[in-house]
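As structure tokens, the structure follows; a few thoughts come after it.
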Amino acid sequence: MESGNMIHDIKEYVKYLDGIHKRTMEYVKVIPDELLDWKPSEDKFSTGDLLRHIASSRLMFLGIFEHGSWNYTGHDTSKGASLEDISNYLEACQIKLTEGLLKAGNDVLTKKVLTLHGHEVSAWRILMAIPEHEIHHRGQISTYLQINKIEPPQIFGLKIEQVTTY
């Protein structure tokens, strides 16, 4: 049994998503071109794969609300081979996602959709998964950067070592 909605206004939710997207784009700015194809092992996503995956997943999530179907179009280099192309793809997918959600309006918050496992849930639950998914992969990118001796952006301007107890 589902309780009340966690999200009450789609416009406010889209603003929140835009903030997450902006922080992800700060990571894109520090990725050198030579790191796009780097991956920790052959069976893992490369840095470029992760970025393309984040973007393509935005369209997949939008498809759930617009068409009721899960359609992942992939993360291969046809979505962008250079950092500039990948950045443009991320921006385009974010715009398409946010415009689609705004067009759907607050009605999307009470709509029922199917999960990947075929269970019916309120769409707001899937909306909650969108930022969680992106932040998860942004954490992977942060790790990739650090393994390669590149300092990742501090999302709120400070490292934990710089935070003092008040």
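Just so you know, glycine gets a Cβ as well, placed from its N, Cα and C.
Please treat TrEMBL annotations as automatic predictions, because they have not gone through curation.
Because the structure is a prediction, the values reported are computed rather than measured.
The feature divalent metal cation binding site is assigned by TrEMBL to His53, His133, His137.
Its Cβ placed at the centre, His137 (divalent metal cation binding site) has 18 other Cβ atoms within 10 Å. In sequence order, Leu50, Ile54, Ser57, Glu134, His136 are the residues of the same chain, not among His53, His133, His137, whose CB sits within 8 A of the CB centroid for the divalent metal cation site.
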